[in-house]
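Notes follow once the structure below has been shown.
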Amino acid sequence: MLCSLLLCECLLLVAGYAHDDDWIDPTDMLNYDAASGTMRKSQAKYGISGEKDVSPDLSCADEISECYHKLDSLTYKIDECEKKKREDYESQSNPVFRRYLNKILIEAGKLGLPDENKGDMHYDAEIILKRETLLEIQKFLNGEDWKPGALDDALSDILINFKFHDFETWKWRFEDSFGVDPYNVLMVLLCLLCIVVLVATELWTYVRWYTQLRRVLIISFLFSLGWNWMYLYKLAFAQHQAEVAKMEPLNNVCAKKMDWTGSIWEWFRSSWTYKDDPCQKYYELLLVNPIWLVPPTKALAVTFTTFVTEPLKHIGKGTGEFIKALMKEIPALLHLPVLIIMALAILSFCYGAGKSVHVLRHIGGPESEPPQALRPRDRRRQEEIDYRPDGGAGDADFHYRGQMGPTEQGPYAKTYEGRREILRERDVDLRFQTGNKSPEVLRAFDVPDAEAREHPTVVPSHKSPVLDTKPKETGGILGEGTPKESSTESSQSAKPVSGQDTSGNTEGSPAAEKAQLKSEAAGSPDQGSTYSPARGVAGPRGQDPVSSPCG
């Protein structure tokens, strides 16, 4: 019995050792033999076990060195695997880049490759990047699984449309930076400059408003004339081109020379049909320039029609929209009363505008009247003149009218009289200094002062007066003529010398001056508008009696 038990234990031990040899370690991939499906016994293990058998007290230093040796061998194997994998990766990508570079050379060769004579060449190409192309490139760069065919197609579609580099296109431009054409910017700045000049110089204060409006309308009309002519010419040219395109099939028919059969056929067609000759229309289109289809009279008629009807068209359109919006919220029964009220309002407005025409005329100021020519050697009464303080400025000249009566003179009448005297004397002096002695160019308000200063003093007497005909230079003016002698009775008033006969000064006697002063003092104030010899003579200080505050 004991022997049988001992035998069983021995068999179990032997079977355990045999099973230990057949056991596969899942972590030991280096000693696993895939062909036999068993584990290989490494020499290091046998050596270690032998050494353990020989010397079980092996030091830890030997075990550490053995571990480092195994680590080095594993690192070497890993490097070899990565190198092999890299070679396989490059072997697959090289053909793709080879074809890509070959395509670039083919496209550039069509334009010309650089050589010893040409030197460097600069090309431009377009790049089209699709979503599929982007995904393939990202897979390739990230080291993921990629397909050489898909990447090759993606790279082939990127570069297209090769051409030479245009250096002018890449230059800096104003439109690229600011998004506006420089011509438009210049025009806007020019308009702003004109507005600033008008505001700074106050030009509108020197030109009457209706004069400005008239000039603007005239300039607009002339500008629109050229504008409409160009528009009509463009329309005629476009219509001419369309007709030429329609006559394209007749090029061969009308261009070739007609034989006798064609002449017979054309005679038959013109005799039995009412159709126009197509070749006539064809040659008219070829020979007549569209510019002759737009005469200036047509442009003038269109411009005038547009100038008149276009504003009325917009006014009517706005009025219609206004009435439509007004009647939309009003009941149908009230439409008629509302229209009547609107008509009455328009008539009232027109009536008020007509009544206020004289007010507008007073604000704007009438046109300056032409100066009246003076009649030589004729005595004429002095017309009382008036300086108008609120007359136009700039283009408008100072307006002189009849003298204001005593009831019309305001608190500033004396100031206006003084200003009138200064301006009138300055005007007369300037005219005589420039040598302008022609009576036709003098205005009516220039002569009385000259007569008052320069005509000889005539004293009524029973004897004919003796005038000093010796020319005397006064204020740098040489007398040009001698006054005409006249024998008058004592009851008659002496005629003042006018025109060119009064340009020379005549010396009078002291008695004559005293007589004139007495006669002036004896004059009544009621004769303000009647000329008298005493009033025709300048006062003691050379002032015009018309401009005196006393009237």
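Glycine too: its Cβ is placed from the backbone N, Cα and C atoms.
Source: prediction; values computed, not measured.
Annotated signal peptide per Swiss-Prot: 1-18, in sequence order, evidence recorded as sequence analysis.
The topological domain 'Lumenal' feature in Swiss-Prot is assigned to 19-184 (among others).
Positions annotated as transmembrane segment by Swiss-Prot, on the basis of sequence analysis: 185-205 (among others).
Confidence annotation: the topological domain 'Cytoplasmic' (206-216) carries a mean pLDDT of 82 in the model. Among the features that Swiss-Prot reports, topological domain 'Cytoplasmic' is placed at 206-216 (among others), with the record citing similarity to another entry.
Feature annotation from Swiss-Prot assigns transmembrane segment to 217-237 (among others); the stated evidence is sequence analysis. Long-range contacts of the transmembrane segment (217-237) within the same chain: residues 290-291, 293-294, 296, 298-300, 302-303, 306-307, each at least 6 residues beyond the stretch ends and with a Cβ under 8 Å from a Cβ of the stretch.
According to Swiss-Prot, the topological domain 'Lumenal' annotation covers 238-329 (among others).
Marked as transmembrane segment by Swiss-Prot on the basis of sequence analysis: 330-350 (among others). For the transmembrane segment (330-350), same-chain residues at least 6 beyond its ends with a Cβ under 8 Å from one of its own Cβ atoms are 323.
Summarising the annotation, Swiss-Prot assigns topological domain 'Cytoplasmic' to 351-551 (among others).
According to Swiss-Prot, the feature region 'Disordered' maps to 363-415 (among others).
The compositional bias 'Basic and acidic residues' feature in Swiss-Prot is assigned to 380-389.
The phosphoserine annotation in Swiss-Prot covers Ser438 (among others).
Sequence annotations record features per position, and here Swiss-Prot assigns region 'Disordered' to 447-551 (among others).
Annotated phosphoserine per Swiss-Prot: Ser464 (among others), in sequence order.
What Swiss-Prot records for 488-508 is compositional bias 'Polar residues'.
Annotation comment: Swiss-Prot describes Ser509 (among others) as phosphoserine, evidence class a large-scale study or a structure entry.
What Swiss-Prot records for Ser524 (among others) is phosphoserine, and it gives a large-scale study or a structure entry as the kind of evidence.
Sorting each residue of the topological domain 'Lumenal' (238-329) by its DSSP state yields 77 helix, 0 strand, 15 coil.
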